[in-house]
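Structure in structure tokens, see below.
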Amino acid sequence: MEKGLFPNSPHKSEIIEIKPLRSLAPLIPKPVQLSSQLGFSPFFPIGETRETQAPPVLNPAPLRSFKSTIVEEEHGAGGGSFRSPFVEEETPRGGASGGDTSSSMEGLDGHCDADDNQKRAAPDSQNRKSSQKKNKKTQDQQQADSRPSVGAGLAPNDEGDRESVNFVLMTFDSLRRRLCQLEDANQLDSTNAIKRADLRASNTLMFKGIRTNPNKRVGVAPGVEIGDIFFFRIELCLVGLHGQVMSGIDYINIKGEDKDEPLALSIVSSGIYDDDAEDNDILIYSGQGEHFNKKDKHLVDQKLQRGNLALDRSSQQHNEVRVIRGLRDVGNKSVKIYVYDGLYKIQYSWIEKVQSGGGVFKYKFVRLPGQPSAFAHWKMVQKWKEGILPRSGLILSDLSAGVESIHVPVVNDVDNEKAPASFTYFRSLRHSKPFGLIRHSNGCNCSKSCVPGDLNCSCIQRNGGDFPYTANGILVSRKQMVYECGPMCQCLPNCKNRVCQAGLKLKMEVFKTKDRGWGLRSLDPIRAGTFICEYAGEILDRANVSQNGKEEHIDEYVFDTSRIFAPFKWNYEPSILEEVSPKDTSEDYAIPSPLIISARNVGNVARFMNHSCSPNVFWQPVLYEENNHSFLHIAFFALRHISPLTELTYDYGIFRSGHTEGSSTPKGRKKCLCGSSKCRGSFY
DNA sequence: GTTAACTCAGTTCG
DNA sequence: CCGAACTGAGTTAA
């Protein structure tokens, strides 16, 4: 919509009609056939077979665990062409880029040794052991553990693509957030207590086969893009980027002349071993096994085994190794983030003697040229934040002029435009007249801060008993309406149920895009479900709007809840883990009466967010009370993890109007430049 | 069966 | 109120 353009900009006349807007593609593909996959009951008694409902799997899918992927390779016709026709049938990828998978295992993979893999694959004993382990395990997990590896039939995507990766990550995090929500509320009894929601969620997903790139492979993991960020090690496993839950080195065994040799596939550098390097394209990585012998008080020598051996072989073979950089953001050091930095090769290795006697393996990784920068970008942004490096193209240090608690810079690296058209910065909604539902409620009576699980809190009651946010302020699920505590509540302003009222928390900047006017992006990494901002502005009266119908077309800064928005799923499919799923999982918003906001004259950063048919931000209605009225707000949340400097976009939806169908070109329609494969071509 | 592995979340301590 | 240091629960693979 080019919201940031000057109203009189010549670009504004760029109204090009393309195709009918009816061809709305759902945002979330169907990379796995959930409905059919979940057709069987997940709650079978242990030991009972359930082949009756399972498809005739010739090439059994891994049920859980990363080791099972090796089993697949064993069946995979020598590794080179892991492409069972069955799997192909069972896992349509929504007609997306699917394409040819023949290059999935290039080069060295072809030498993969089936026998060796078989030796290491002992799923049954493993499972038995696991299920004996502890009674703390949930029913679901026990079933997963005891489940035989053949014939259960959830085929994962053997070859990932972008949609599958997004789907897997979205499903994972949605389930994880839900488990966190339950944990916060202590709604599970002690035997079912969730200590590690991330592991618990991933267990379920592995069990259901909701993952991509399950085969270990050299080189790229299809669908994972350089610069992608992750917040849990287990996420790397789910998308096939790095198959080790804890270990930093992932490898496979390759059949050699005499014996099998390991070969490194991917590494995670967490920086704790002091693997720093001046050049961002170089990484000095330390081998594993460094530890301090407390008895003798010296560092123990590392051994040339396991990951170290694999890295050693890779330094001779010079094969591609995926590198994931673990780092802590300068702004929020408590959060660890993993950045996929693309492919590297090991140039050489050596042994370094530490002063107290320990020998440490060192490997020099060099980044392959021609890849988009990821880690280097990070370093740059961090330096901007710390003030070490001046921000180029800065034209205004704070767009909000002090209204927000953090500065909102305006930058232009593209052309000479000095600033967006002037407007009044306002943090929230301005009402032209009293608006909203009158309630004679005084809000909740909680003393300090509302506590998840406290069903006496009237605000929690209105949310259906669930606290809408996790302890760190992340939205758990999309829902009809989020009810926040407000000024009328007795709880303190720092109550965890007041996420959308505190203004901006992320370091954002308004920037000039190449071809879409001004846009909005963040310097901070954003995890899925993070509150970004609300849509601030002046509330318009619907009657007024229809009177001045022409006005509405001209006003690019209108947010209208009565538009038609492409439905999409953000919450996980409840049947994935029925026992923890809330009753109402509807993502259809329940908006009492249409809300129309104009940010033309008055607004906040939200007015600069551009449209995309494949957005990374969505909106959610939020209600809270002020001055004895309930006021509806439009809050934006991150749809997925968003890397720094990525433009923030949401789906503008379609203007609801009788005369817009057919061949006539409605006024105000614009050519969409979102660049998504799902692009609808145009928007209002 | 045991243990290593560049985890994660929560608590304590300076 | 931080960051560091520590602890416990947790997983897979070897």
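Cβ coordinates come from backbone N, Cα and C, glycine included.
For A:74-159, the entry in TrEMBL reads region 'Disordered'. Look at TrEMBL and you will find A:108-122 tagged as compositional bias 'Basic and acidic residues'. Annotated domain 'YDG' per TrEMBL: A:219-367, in sequence order. Annotation comment: TrEMBL describes A:442-503 as domain 'Pre-SET'. The domain 'SET' annotation in TrEMBL covers A:506-653. Summarising the annotation, TrEMBL assigns domain 'Post-SET' to A:668-684.
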Of the listed stretches A:442-503, A:506-653, A:668-684, which one has the most C-beta pairs under 8 A with the domain 'YDG' (A:219-367)?
A:506-653
By DSSP, how many residues in the domain 'Pre-SET' (A:442-503) are helix, how many strand, and how many coil?
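Summed over the domain 'Pre-SET' (A:442-503), the classes give 8 helix, 5 strand, 49 coil.
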Which whole-number mean pLDDT does the model give the domain 'YDG' (A:219-367)?
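Mean pLDDT for the domain 'YDG' (A:219-367): 88.
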Can you tell me how the residues of the domain 'Post-SET' (A:668-684) break down into helix, strand and coil by DSSP?
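Split into helix, strand and coil, the domain 'Post-SET' (A:668-684) gives 0 helix, 4 strand, 13 coil.
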